[in-house]
Each structure stands twice: as structure tokens, then as C-alpha cells.
Amino acid sequence: MTSHDTEVYTVAPEMPAMFDGMKLAAVATILYIIVRCLNLKSPTAPPDLTYQDTALNRFLLKSCPLLTKEYIPPLLWGKSGHLQTALYGKLGRVSSPHPTGLRKYLPMQDGATATFDLFEPLADHQSGADITMVICPGIGNHSEKHYIRTFVDHSQRQGYRCAVLNHLGALPNIELTSPRMFTYGCTWEFAAMVGYIKKMYPQTQLIVVGFSLGGNIVCKFLGENRANQERVLCCVSVCQGYSALRAQETFLQWDQCRRFYNFLMADNMKKIILSHRGSLFGGGSPKMVDADLRRLYTATSLMQIDDNIMRKFHGYSSLKEYYEKESCVHYIHNVNVPLLLVNSADDPLVHGSLLTIPRTLAEKKENVIFALTLHGGHLGFFEGAVLFPQPLTWMDKVIVGYANTICQWEKQKPACQSQEGRKTAYSC
């Protein structure tokens, strides 16, 4: 190359603008999916309340501000009912405490042995009274679950004694003593626990609390017999479905991934049942045969398990009869003590059509408040700023807050009644 020659360089063409656009479109699509899946655009709001205008309800809404204030879930993920439910399902709660209690064993007439754990209060109750929370956990749950431990610890610190039912067959280290385990609406074990508490603590008054399936059991228990409501100050039910018969069809739908949740719960129920295979399918069980065990192995839904196994514990002739007789929807209208029914609009397990039951009940009965939150999932109700949830949930605080307010009302009620005559507890 001479001094007059010009050196030529080949310049690589810049990245095509089209490719840049595709990258931006991909990022925008991913962000859109994240926003939709996490429901980030959903607003926060106070619970939607259905109730009648009575003196008691006005007092409750004034004195229990959690019912009228915004429920604010963690910003990044708390507006997703699926993530709230998943976090409850996998972790239960964050930094769960370890309350110390005594395990009680109660022999039943059919040979079964009911168990519950008893936790004494860690402080005096603000009312000065002796008050016991009688608690029924969700499906296949017991006193050792993290969400139960968190709630018990919080209640103890507020001056409540707590009695927590361990569903028959749910504790992994407790053998069944008869060929029967817990079912969707059997109230026998819960009734035995309540009877024990009333006998051992003749001065105590009761706050009845039920979570999910436990909500069905406690509402059915109170509605089965008026005597069951004696010494009961109030009842709180959280995230129950009210009617198993109406819920069964929704559990087969893929809407909100409900069919997938059905499969997961069925798998968990299979594990519980199979852990007691010797007691349930042994020679001492006239209700179960080898064919039932084979059908259990292939079951992929709760309905199949209920039809092949659960209904037979109480001799129901069909799945329809089992669901009708064990659902609280046929008993809850008989409950006359103050009743708080809590559900979440984004609960992936409880279809929105089922919520007409508590809403209609609250419209007709003056003792009922139905609180529907926008977010919370199934037994989630986590609170927190952005990412990390707080140890106590909105659910824990609202139950205790409602119970405290009822206790305040009961303390002032005699004076109120003496001023205005003998009126009902709700209109005084």
C-alpha cells in the first residue's frame, strides 16, 4: 500500500430498529403478565360489610376499627389471592411463636378418642372476665399448624384461654382408636371439647372460632341445638364455603385454578387417610373394604374421596346426602349469638356464588355481620409494606378485636338495659 492509498474500514451495521422493538415488546408483555398475575392495579379498600342497623352493630363498627379501615396487603404480591393462599399453605405464618399447652384426651361413645390442646392466658382480659376461645382449625389441621399457633399466641396475650381441637386423625403421632376420622361437618369432637371446657371452667364464657372447614363445623354446632349457644358470647367464621353441595361443582372448574387446588387437597387427604390405613381398613372396620382402598389410590378430587370413604364413616347413602347433612347452610339460621362471617373476594377455593349465603343471612338476621375483603386469599390476610409480611395477619387481629368489642358490649349491657327496659341484646 502506497502513501496515496486510502485504508478502507468496514463498519458493522447498527442493530436493526425492528429488533429493538421486539425486545421492548417482550419486556412490556412480561411486565403486563406480572401486573395481571399479581393484580397490582387492584385498589385497596375496607371490607364490604353487610349488616342490619342495630345498636350492637353500630357499637361494633365504632369500637372495632379493623372492620371499617382499609385492609392493606403487601404491595408486591399481597393482592394475588393465589400467592396469599400459597404462602399460608406452605409457611402458615412468618416467625410463628410456640405457645405451650396441655394436650387433653376425650373418649367418645363410639370408641374414638378426641384430642385438643389447652392454652392458658398470658395476661388478664381487659374485661376482667374469664373467657375461653374454642377454636376449630381447617381441613386436616391441628394445634401445631403455624397459623393456629400464631392466633393462639396473640389471643393468650390478650387474656384469652384457648382450646384448639385437633381434627380426628390429623395429628401424625396420634393413632385412631376407632375406624373413624374427621369429616366435613361432624361436630362430635368439637362438642366434646366445648363440654369439657364448660365443666372444668364453670365461670368461663366462650368465643367460638372456626377457620375454613372449621367455620362450617362451629356454625353447624351452634345451630344444631339451642343449648349449644349457652355461655357463648359470639362466633367468628373465616373463609368457609357454607354449602358443600353447591361447592362441589365449582371445585371441578378450572376457573381460579380451583380444579388444581382440589387435586392438591385430595392428595393431602389421601396421605392422612393412608397414614391410618390399619385402623380404617383393618378387620375392625365393617364400613370399609379393600375396594374402597383401591378407589382411594386412584382418586384425584375431594368429591371422589368423600364418596368412596368419608360419607361411609356416618352411614350416608349418597354423596348428596352427606353434603346436605354436613353443611352448616341448613343450621346457621338458628345461630342467635353475635356472628361475624369473614370471606375474601379473591379466595381461590370459595367460589363467589357461595357468598350469597352469608350475605343473605346478614340481610335477614340482626346478629350477623358479613365482611368481604377484596384481598386475602384463603386464610392468608397477610399485611406488610412492600415485600415482607408481618407476623400477625389482619385475620388474627380482626377476630380478637371483634371478640374484645363483644366483651365490652356484654360488660356495659346491663346498665343499658336498666335504662331502657328489657330489650334485645342487639337493639338496646
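Just so it is clear, glycine is given a Cβ too, placed from its N, Cα and C backbone atoms.
Unlike curated entries, TrEMBL annotations are predicted automatically.
Annotated features in TrEMBL:
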type	residues	note
ACT_SITE	Ser212	active site, charge relay system
ACT_SITE	Asp347	active site, charge relay system
ACT_SITE	His378	active site, charge relay system
DOMAIN	132-385	domain 'AB hydrolase-1'
### Query
What is the number of other Cβ atoms found within 10 Å of the Cβ of Ser212 (active site, charge relay system)?
22
### Summary
The average per-residue pLDDT within the domain 'AB hydrolase-1' (132-385) comes out at 94
### Query
Hey, what's the Cβ neighbour count for Asp347 (active site, charge relay system) at 10 Å?
26
### Message
I need the CA-to-CA distance for Ser212 (active site, charge relay system) versus Asp347 (active site, charge relay system), whole Å please.
### Response
11
### Local Cβ density at His378 (active site, charge relay system) - other Cβ atoms counted within 10 Å
25
